[in-house]
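Annotated in TrEMBL:
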- 6-135: domain 'tRNAHis guanylyltransferase catalytic' (DOMAIN)
- D29, G30, R31, H32, F33, H34, S75, D76: GTP binding site (BINDING)
- D29, D76: Mg(2+) 2 binding site (BINDING)
- D29, G30, D76: Mg(2+) 1 binding site (BINDING)
- 139-243: domain 'Thg1 C-terminal' (DOMAIN)
Amino acid sequence: MANSKYEYVKSFEVEDKLMPSTWIVVRIDGRHFHQFSDEHEFEKPNDKQALELMNSCAEALLEEFKDVVFAYGVSDEYSFLFKKTSEFYQRRASKIVSILVSFFSSLYVMKWKTFFPLKELKTIPCFDARAICYPSTKIVRDYFSWRQVDCHINNQYNTCFWMLIKSGKTKREAQDLLKGTQTPEKNEILFQLGINYNELPAMFRKGSCVFRDKGEEIVKYNQDGDPVKRLRTKVGTVHRDIIGDTFWREHPEILSD
Ligand code: GTP
Ligand code: MG
């Protein structure tokens, strides 16, 4: 087809290919979720249903996009890791970022009723997103450690803060009490309020990891009524420590090239 005289406008489009042979992380983050969680009366500091909705969206995303090998989520954010060799949309940043964030946002709306059958979705959930390239598995590990440390620090602070409020302190008093405290002091405050931090749900303390894992699946039952099983890769969510080596040693396929 002959070019029209307008075709030249295409030359204004810039190349935005992500560096080859690097791990791509796309991190999405809820826009104004402080407000969104208030409007929808999320439990403070952690709303189990809201977090499970996020996890369910992340699982569906991994089912759809096979190049995404791992995801880590906490609060209103999720990080998605593409395998190093991915050629998804020729590694074009804007395509990758926009597809992932719009897919996730649509899922969030579609699945809302399943997780909040009695709550109307009052405002539009919206997420920002960015893509970052990491050149080595060490840095990828450090990236996820950074997010999990953040999860721990925020969750411990928020748990203390809201427990102090529940015990009758004002927001100002709670803030002043927590100023400059380290982990052991916060644990002590919680202990005195009758809470053992380590017994809180792992999803709150450690965040959520989504990946493909091998599991057994019942295909049918034979004539004796015994199950016939086969191995199958299934996307699932766990709440584990990802700072130490154990998790990664148990799942070497995630970071293998
Ligand atoms: P931007 O991301 O800059 O648009 O701001 P934001 O309002 O989304 O804040 P940010 O992403 O820094 O932090 C997420 C916020 O979401 C938290 O500060 C909480 O207010 C809220 N949030 C996330 N998860 C929960 C939850 O489980 N329960 C409640 N009550 N609030 C939550
Ligand atoms: Mg946010």
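Numbering starts at 1 and runs along the chain as it is shown here.
Any Cβ shown, glycine's included, is placed from N, Cα and C.
Computed from a predicted structure; not experimentally measured.
The Cβ of G30 (GTP binding site) has F36, S75, D76, E77, P125, C126, F127 as same-chain neighbours under 8 Å, each 6 or more residues away in sequence.
Proximity of the binding-site residues (D29, H32, H34, D76) to ligand 2: a Cβ under 6 Å from the molecule is found for D29, D76. Within 10 Å of the C-beta of H32 (GTP binding site) we count 13 further C-beta atoms, all protein chains included.
Counting residues per DSSP class in helix, strand and coil order gives 54 helix, 26 strand, 25 coil for the domain 'Thg1 C-terminal' (139-243).
Same-chain neighbours of the Mg(2+) 1 site beyond D29, G30, D76, judged by a C-beta within 8 angstroms of the site's C-beta center, are, in sequence order, I28, R31, F33, S75, E77, F127, D128. A 10 Å cutoff on Cβ-Cβ distances gives S75 (GTP binding site) a total of 21 other Cβ atoms nearby, all chains included.
DSSP assigns R31 (GTP binding site) to coil in the three-state reduction, placing it in neither a helix nor a strand. Regional average pLDDT for the domain 'Thg1 C-terminal' (139-243) in the model is 94. Of all the binding-site residues listed (R31, H34), H34 has the fewest other CB atoms within 10 A of its CB. Broken down by DSSP into helix, strand and coil, the domain 'tRNAHis guanylyltransferase catalytic' (6-135) contains 57 helix, 31 strand, 42 coil. Set side by side, the binding-site residues D29, D76 differ in how many other CB atoms lie within 10 angstroms of their CB, and the most is found at D76.
If you take the C-beta of F33 (GTP binding site) and look for same-chain residues 6 or more apart in sequence within under 8 angstroms, you find S75, D76.
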